[in-house]
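Notes for the one structure printed next.
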Amino acid sequence: MSLLQSALDFLAGPGSLGGAAGRDQSDFVGQTVELGELRLRVRRVLAEGGFAFVYEAQDLGSGREYALKRLLSNEEEKNRAIIQEVCFLKKLSGHPNIVQFCSAASIGKEESDTGQAEFLLLTELCKGQLVEFLRRVECKGPLSCDSILKIFYQTCRAVQHMHRQKPPIIHRDLKVENLLLSNQGTIKLCDFGSATTISHYPDYSWSAQKRAMVEEEITRNTTPMYRTPEIVDLYSNFPIGEKQDIWALGCILYLLCFRQHPFEDGAKLRIVNGKYSIPVNDTRYTVFHDLIRGMLKVNPEERLSIAEVVRQLQEIAAARNVNPKAPITELLEQNGGYGNSGPSRAQPPSGGPVNSSGVLALAEYDQPYGGFLDILRGGTERLFTNLKDTSSKVIQSVANYAKGDLDISYITSRIAVMSFPAEGVESAIKNNIEDVRLFLDAKHPGHYAVYNLSPRIYRASKFHNRVTECGWAVRRAPHLHSLYTLCRSMHAWLREDHRNVCVVHCMDGRAASAVAVCAFLCFCRLFSTAEAAVYMFSMKRCPPGIWPSHKRYIEYVCDMVAEEPITPHSKPMLVKSVVMTPVPLFSKQRNGCRPFCEVYVGEERVTTTSQEYDRMKEFKIEDGKAVIPLGITVQGDVLTIIYHARSTLGGRLQAKMASMKMFQIQFHTGFVPRNATTVKFAKYDLDACDIQEKYPDLFQVNLEVEVEPRDRPSRDVPPWENTSLRGLNPKILFSNREEQQDILSKFGKPELPRQPGSTAQYDAEAGSPEAEITESDSPQSSSTDTNHFLHTLDWQEEKDPETGVDNTSPKESQSNLIADGDGSEVSDEEEASCPSEERKPGAGEDTPRLAAGTRQQDLIFDVGMLAAPQEPVQPEEGVDLLGLHSEGDLRPAAPLQASGVQSSNTDLLSSLLEPSDASQVGPPGDLLGGETPLLLASPVSLLGVQSNLQGKVPDTVDPFDQFLLPSSSDTQPCSKPDLFGEFLNSDSVASSTAFPSTHSAPPPSCSTAFLHLGDLPAEPNKVIASSSHPDLLGGWDTWAETALPGPASMPVPEGTLFSSAGHPAPPGPNPSQTKSQNPDPFADLSDLSSSLQGLPAGLPAGSFVGTSATTHKSNSSWQTTRPTAPGTSWPPQAKPAPRASEQLRSHFSVIGAREERGVRAPSFAQKPKVSENDFEDLLPNQGFSKSDKKGPKTMAEMRKQELARDTDPFKLKLLDWIEGKERNIRALLSTLHTVLWDGESRWTPVSMADLVTPEQVKKQYRRAVLVVHPDKATGQPYEQSAKMIFMELNDAWSEFENQGSRPLF
């Protein structure tokens, strides 16, 4: 990349910079960079390239401006190339025609925030590219011969300096775009990224492979138009060395003279043969004709050397009486000079220091390009307008800065934010500590206090000893007690006098200052969410660039001062493990990671899992998740940092290991609910993340935790324990009512919705008080299955009623308020974070909050135990039907009879998730009453429920009682295990009812002790079948009276069990009812008429009907019946009962013999439609589970399914087409017919056999281009499709040519 290659493209408007540069500008511009002894402030972006950005930076000490080149690299080869470029520039620096090297620095991937190695290269700042000056000058006429002489001579002097090195340095990328014009008007050569000291001498001994390798390397570092004949044709066996720079100089001289390149199209044949032409009628530049011919010789040995070129130029200059080393003032004069019009910034004298106290930063932003803007005068008003539009966006971020040259912003009239006030050597920069003191003393004499959040300190006497040193660590959120103490201290200072102001600063006045100010705004109840406060800070100063943990701690402050405050508890928390799902891709192969963890509590590191490299487990993407076991107990501010371990050869020899930070998480344990088992963090909740490609989709981090039941009081009393919230009022932030109304109109109504930076979701409409206090109707469950089920659910954080109690007296004493200002409550981990002076409190004001809104906790918790039920709710409309927004305690559930709630408004899901009281029996209103929550019960308990039918059908049929009905109070459990007693119980009688086949059937039920085998708990688990909800396994006669449309009814005597053949079955348990002991699982499936075609209608009670049980994909024990298929009625046909020997055969026919199938329907009749799942009900699971066929089975399918939601269907089709065939021209051509649009008939599919030789590939490629060329599809609906196909084929063809157009065999 060339230095300042596209600097002036910025003038075209704000859209000229790419997205990456725009993001980098917001992240890097404004920062302070230290390079050696220089401290630089990055001011703006000048240009961007493939992997580098160029900024304008200013030395804070001298005010001198530099060009700062920031190069990013993620490969070792690029690292070596960048280091070589720096070495060459450093070696060549000092020549008057080579850009001046100043300093350089680098950091590795592990230390960089971008996940790539970063290199900083500091050089002198030039005025611009020569090519841009030439374009403007040539609009008025051709260049003079003297100007060309100066430009070319100075360029050759720079090349001569390179060739004089030992060994000679070859630039290899000389072109007019790499020539800069300095502020003094001289030529500066730049961009040594392609330079080398290696020459090549090909001969007949070189193999084709070696020639191809050399050609590829040279092609990668040269520009096509400037390539020499020996490079284009390596088989000419000409030496490739310094003479290639002479050829490039000849092209530059030709371009300067005739305003066009001699090989404009880069045609190889013209270059190899040296076919260029000098205009015959040219008389202006005849003095250069021989020089051009001497430099553009095809044979490099015949070309002039750089010494000969310089000597001829000196002779020409002497003949024309021109000093070739003099500045090229003609370019500057014709372009408007250095700044001879308008109020543009004055150009400093050469080598002289810049007076930094002259103009305000606003003036610099108003004219950010200084005198260079003058060259745009005359006919370029549009460019100047775009420049002003671009500058206005920068001005917005500093529009509220104080007058003078200070970087200070007023968030409100009583809260100011500034950058670090410097002294000593840094006294020349903007925020000089003396200037800051004079400004504050003049504007707020004796009524300002300074809060220093940075770890650096200065003399507090500069600000009359009213300085609070907080000492917050960088790149992490502040400790909660320090943040809360700071808010109390600022509040006490503002209350002391209505003229008092708070001045907050960190190093740059961004992240740390934003956390302090936003937390204080929420502390004073101006806002109730972090997002609203951060938005106000961004508008009043600049985007703070804070991390998710910063927002999390601001949310903590919001919780602690809410209408119903949440006080952090003092219970220790056991962190069992850290689980990352899916596995992040941090290995070099991007297929997994080798993680280890460090945990800090406060400033102390309490544990690390780092071991020897080989002893740490490596997780692959196939593992699905990465688990780091911890097992440590923490309390307070917890910082968890996850690293990826890397091993290098040198590290192995020295027993060292390189680590790369993957992410970090910070939170406070006091806000983790007492019954939480998992703390979830999504990808956007993590701090210090690497590039997004390393984190798979839906990546999240789970902390498996357990909060201990007992409190562990800390050594120091937390500051929130003795704080009264009654005096908190947003009026204290403003000087008058008008200011408050203005802020309120801009930022307070309505409060801004939450952004993805915080997990807590914001509800735009505040919920009613009734909805907020609604709790669960179900008692607490202690079932382990319940815990397992709820572990997969995300619930709102449980609010403890204890946190709503105010432990302080209504009035706070003056001593307590004064204590806010001293350092008595500072913990051991923090620096003194309170003002040194004592402050007297002012009168408290009690007004409602500015903007109240419902809030949720910043973290998502998996609650292992559900909350207790709510008290009875009187109005029917307020009942929580689904129990999804409920919170609870440990109080027992009140009976529904006492609550007076109708059955239709009962919590419908509580019984699925909670057991009811064992002593009470639900009436018909208790729709899901049962002993054990069915969705959470184990398979044993599901099969152990009783199935006797007792009582009668309720008068009102509830639409939800298809799930289950409550057990009766007079049902007694069995005294001992009886596996089949319930099946043979003659008391099981079903009442007549209609059960539609489209409804879901109930879960199977049997005796209480079925499969318990005597060693399971004897708690009665009872579910009773009703007439509207028959029991499938409680007795086969239950289904007898179900009236369904279907085939003709089959008369059967009432009360008799029949086998599938129509004969009376022998006494004993039915084989279909005892499937667990029957060796033939298909013995009862011979009658397909009953299992596939539905149930006959009108059967009397007590008759036997074979039914089918459909096992759902969720592996639960629910059963359903198939709807009756319409068609010809099947008359009953007597079949012999199957013999036992046939049932016990290992190879039997599921369908049976022909004589067992009944009468076949005519072949011409309409056949029933059979799907792939229709026969699943014939084959039970037999203890095996089956995955969902409709769901994705691989990670690739999951990604495709996610991509298909918001991607164009044809683009998906195109992605499927190129998958596995990227840039493979043969594979793409052979499958082209699969991706063409409908109606395209010109393309004839070809096979791989038609694409063996390069000629065949070329022929088919041209045919394909004729079919899919976008020009032929203009205006057609498939125009976009043609473009995408054409681009893929074109890229594949280019790759095919680059690889040498090799045959297939």
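Including glycine, each Cβ sits where the backbone N, Cα and C put it.
The active site, proton acceptor annotation in Swiss-Prot covers D173 and is backed by sequence analysis. Look at Swiss-Prot and you will find 776-789, 805-817, 1105-1131 tagged as compositional bias 'Polar residues'. Summarising the annotation, Swiss-Prot assigns compositional bias 'Acidic residues' to 822-832. If you look up Swiss-Prot, you'll see 836-848 marked as compositional bias 'Basic and acidic residues'. Annotation source Swiss-Prot lists domain 'Protein kinase' at 40-315, citing sequence analysis. The domain 'Phosphatase tensin-type' feature in Swiss-Prot is assigned to 397-564. Feature annotation from Swiss-Prot assigns domain 'J' to 1241-1305; the stated evidence is sequence analysis. The phosphoserine annotation in Swiss-Prot covers S2, S454, S768, S781, S809, S824, S827, S938, S1171 (among others). The phosphothreonine annotation in Swiss-Prot covers T774, T792. Feature annotation from Swiss-Prot assigns omega-N-methylarginine to R1122; the stated evidence is similarity to another entry.
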Mind tallying the domain 'J' (1241-1305) by DSSP state, helix then strand then coil?
43 helix, 0 strand, 22 coil
List the Cα distance (Å, whole number) between S454 (phosphoserine) and D173 (active site, proton acceptor).
46
Averaged over the domain 'Phosphatase tensin-type' (397-564), what pLDDT does the prediction give?
85
Validating a neighbour-count step here. Other CB atoms within 10 A of the CB of D173 (active site, proton acceptor): how many?
19
Including all protein chains displayed, how many Cβ atoms other than that of S454 (phosphoserine) lie within 10 Å of its Cβ?
21
